Amino acid sequence: MYPGSGNYSYNNRPSMPPPGFNGDGQGYRQEYGNQYGGGYQQQQYQDQYQGENRGQYQGQYQDQPEYGRPPSGMVRPPSSIQQGNGQQFQYSQMTGRRKALLIGINYIGSKNALRGCINDAHNIFNYLTTYCGYRPEDIVMLTDDQREMVKIPLKENIIRAMQWLVKDAQPNDALFFHYSGHGGQTKDLDGDEEDGMDDVIYPVDFESVGPLIDDTMHDIMVKSLPQGARLTALFDSCHSGTVLDLPYTYSTKGVIKEPNMWKDVGSDGIQAAMAYATGNRSALFSSIGNMVSSVTKKQNVDRERVRQIKFSPADVIMLSGSKDNQTSADTFADGQNIGAMSHAFISVMTRQPQQSYLSLLQNLRNELAGKYSQKPQLSASHPIDVNLQFIM
């Protein structure tokens, strides 16, 4: 069942909005380019989340049962320069400036509107300011219920907000990025994807300007960061497993995941089996051909070359709501519509603030298990010791 089609509980977010989306029925005006004056001015956002809205969501995660004790022997990340894959990197100590960019898009007025994404952005805002030491004036929020054009998550606004987030970043800074909205995939053109597809997110004006692809987001928010600067990214969208193109993805056992070339043939394998059972030789050969093509594409990607290209000496960590081939759920909990991954992250971190990277991933998986098919992912710009303390 798709959002807006009736009951609204535990349904999957579609991969992308359908043709014909035009916001509130009239579309968004495009005369926004000159409002920036060549730069992204922080003072535009200082008062955007004040007064009665702030604190609206406080308290809803505080009285829930805790997880087990923090992992024994857990230590903070070291401050010294590390070696990984023949290159140097450095963990952030989180002692510098804190900045955050939060994006929530409900696609208001569209046939595939979502209901929980704007709530997700506000809930993350509340979590960051209440528990993590982020100041409201250092947080930019883009949502499609805003009246000011500069605060609407148009593609150009999102790009400039990303540039603002990483501008003048220094070692030990703590940057946070959150996106809740539609996600999807498009054909990979530069050969850096093992499944042959780039992951994308959809701004409200995607029909006129296109989606925002993972390569672009990587170039803006990962490549530009200096050694020792931290970016924590949280994506609550479909097909978001590698949406920042980070080269190291970790399993719940704490090891780097290697792709199973045959694991994601999925529907082609089912179609081949059905064709064989019914004696449809034409369909059988077609399905087998698609399976071989899929596997060949993955084998043609030089994994080590990609890791070298996508490696960053900065400290970039991404938590995503689903694998590249999965959708993410939009649901209802605690009296409001929310995204399952955003809600799980806040719940897990408020119940047990002391987490290792590994325990955080495991607890996120456990939080969603039984309710949703999606499996949260943990990836990084460099090799990480998953037993270190997760700090942000």
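Here the Cβ of each residue, glycine as well, is placed from N, Cα and C on the backbone.
All chains included, 31 other C-beta atoms sit within 10 angstroms of the C-beta of His182 (active site). The active site feature in Swiss-Prot is assigned to His182 (among others); the stated evidence is similarity to another entry.
The active site annotation in Swiss-Prot covers Cys238 (among others) and is backed by similarity to another entry. The local packing around Cys238 (active site), expressed as other Cβ atoms within 10 Å of its Cβ over all shown chains, amounts to 31.
Residues or ranges marked as compositional bias 'Polar residues' by Swiss-Prot: 1-14 (among others).
Taken from Swiss-Prot, the feature compositional bias 'Low complexity' covers 41-51.
The compositional bias 'Polar residues' annotation in Swiss-Prot covers 53-63 (among others).
As annotated by Swiss-Prot, region 'Disordered' applies to 1-87.
Of the recorded residues, Cys238 (active site) and His182 (active site) place their C-alpha atoms 6 Å from one another.
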